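Shown next, in structure tokens, is the structure this report addresses.
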Amino acid sequence: MIIHPVIKGQVAKSCHPVGCGQAVAEQIAYVSRAPQIAKGPRKVLVLGASSGFGLASRISLAFGGARADTIGVAFERGPSDKGVGSAGWYNLIHFSHMARKEGLIARNFVGDAFAPDMRAKVADYIRNEFGGSVDLVVYSLATGARPDPETGELVRSTIKPIGTATRGYTINLEKDFLEEQCLEPATDQEIKDTVKVMGGEDWQSWISFLKGEGLLAEGFETLAFSYIGPERTYDIYHHGTLGRAKADLHQTADRIDAALKAQKGQAHVVVCKALVTKASVFIPGLSPYLLALFRVMKEMGLHEGCIEQMQRLYADTLYRADGTIPVDAERLVRIDDREQRADVQEKVAALLDKMTPETFRSIGDYEGYKGDFMKLNGFGLESVDYEADVDLDRYRME
Ligand code: NAD
Ligand code: NA
């Protein structure tokens with residue numbers, strides 16, 4: 001079949017399997033020539049491994065110097081009579097194919113990471129086929145819903161301010177315009193639910209479970225990702241429902257860290273730069289900021305994507321030759337340092353003051369933003385012939 005992009009609002013309804021493969025190959029090529037990870041982990045579990053920071057972590061740890069064997073867990077759809085499936089499905093297939101060609105183990109588990117039977121399956125695999133333990137667990141899930149572990153009822157997260165209403169623009173990627181939205185403050189229940197879905201509870205329960213099963217190696221590390229951003233985005237993020245969930249994640253890192261002391265283990269939260277991913281395009285009010293940020297950081301030669309961020313994280317920060325991990329006063333690992341630079345934020349603020357639904361395409365880097373979104377779904381890659389027939393039967397999850 002010939003596959004064309006289909007976008008509805010903020011959601012891609014199709015993806016290009018060949019393009020997804022090419023995007024994974026580009027990331028592999030990047031980490032292969034970047035400064036290498038000196039002494040990294042050999043056995044890694046990535047939760048949320050099919051896109052964004054999770055996929056980039058897996059690529060960096062396998063191909064960026066550590067030559068890690070990896071297990072990837074993700075929630076994705078394969079091809080069916082409903083459509084081609086999701087980009088993450090093809091990312092997993094391409095990654096494992098290329099890792100196995102290099103002689104690395106790359107095992108995928110597709111399904112719900114919140115479900116106890118997924119935990120059991122992964123644990124059995126680690127015990128019986130993966131050498132008996134893991135050195136690193138990367139927790140990179142991003143989702144709008146999670147079944148309550150006690151009741152089984154679906155809990156949904158919301159992205160809202162807390163306390164007072166706020167207005168902000170969201171990008172409509174389907175029709176290329178900015179729409180203004182009024183965001184009412186979250187109710188207490190919505191705050192609680194967002195913390196349940198995007199806070200630290202599930203991360204902690206994965207680690208406690210694996211620890212209880214005796215599957216964490218001595219000197220074990222675990223990380224999860226967070227965002228803080230500059231003050232002018234606090235209303236919608238840092239001081240909103242998502243920020244509340246992240247605060248919970250930060251506290252969880254300290255709890256896990258304490259529980260790992262006996263085996264010389266550590267848990268960290270890594271604060272990343274704002275980027276275009278399947279998850280982040282949903283954050284209302286954040287898009288104009290991203291458009292301005294991309295323009296400024298590209299002009300200053302400071303721009304990074306997921307893969308640049310992750311390779312820098314593992315090579316320069318987490319697995320440095322001297323074995324130390326630099327953290328801030330709150331014990332957070334900061335790789336948002338370039339985004340947060342005063343000179344960057346000054347220029348971003350100046351652009352944002354001029355950004356309106358009429359000017360956003362010339363003031364901000366809309367081309368770059370949309371290009372990244374298309375690329376997440378395998379479209380817009382130069383080396384791909386989009387008029388060529390794609391044989392979906394070639395893509396099998398192993
Ligand atoms: P993403 O949408 O690219 O990836 C999410 C991953 O989670 C996918 O692999 C998906 O399959 C998986 N997933 C979702 N629900 C699942 C489930 N029930 N079971 C198993 N897998 C499931 O998202 P991302 O932007 O890479 O986000 C990862 C983390 O990074 C999040 O904690 C996010 O808050 C954080 N972060 C993102 C940004 C950004 O700008 N994108 C910035 C800083 C921090
Ligand atoms: Na991810």
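Glycine is treated like the rest: Cβ placed from N, Cα and C.
Since we're looking at a predicted model, the values are computed, not measured.
Residues annotated as domain 'Trans-2-enoyl-CoA reductase-like NAD(P)H binding' in TrEMBL: 2-80.
Here L141 (NAD(+) binding site) comes close to L47, G48, G54, A113, D202: these same-chain residues lie at least six apart in sequence, with C-beta atoms under 8 angstroms from its C-beta. Under the heading NAD(+) binding site, TrEMBL lists 48-53, 75-76, 112-113, 141-142, K246, 275-277.
On its own chain, E76 (site 'Plays an important role in discriminating NADH against NADPH') has S50, G85, S86, G88, W89, L92, V110 as residues at least 6 apart in sequence with a Cβ closer than 8 Å to its own Cβ. Summarising the annotation, TrEMBL assigns site 'Plays an important role in discriminating NADH against NADPH' to E76.
What TrEMBL records for 84-319 is domain 'Trans-2-enoyl-CoA reductase catalytic'.
Residues annotated as substrate binding site in TrEMBL: Y227. In the three-state DSSP classification, Y227 (substrate binding site) falls within coil.
A simple way to gauge crowding: the CB of Y237 (active site, proton donor) has 22 other CB atoms within 10 angstroms, across all the protein chains here. Feature annotation from TrEMBL assigns active site, proton donor to Y237.
Secondary structure by DSSP for the domain 'Enoyl reductase FAD binding' (327-390): 28 helix, 2 strand, 34 coil. Residues or ranges marked as domain 'Enoyl reductase FAD binding' by TrEMBL: 327-390.
Ligand 1 lies under 6 Å from the Cβ of G52, D112, out of the binding-site residues G52, D112, V276.
Non-local neighbourhood of F75 (NAD(+) binding site): S50, G88, V110, G111, D112, A113, T143, each in the same chain, at least six residues away, with C-beta under 8 Å from its C-beta. Among the recorded positions G48, S50, G52, L141, Y237, V276, the ones whose Cβ sits under 6 Å from an atom of ligand 2 are, in sequence order, G48, G52.
Cβ neighbours of G52 (NAD(+) binding site) (same chain, under 8 Å, six or more residues apart in sequence): S140, A142, L275, T277, K278, A279, C306. Annotation note: K246 (NAD(+) binding site) sits in a helical segment as assigned by DSSP. Within the set of binding-site residues (G48, S50, Y227, V276), the lowest number of other Cβ atoms found within 10 Å of a Cβ is recorded at Y227.
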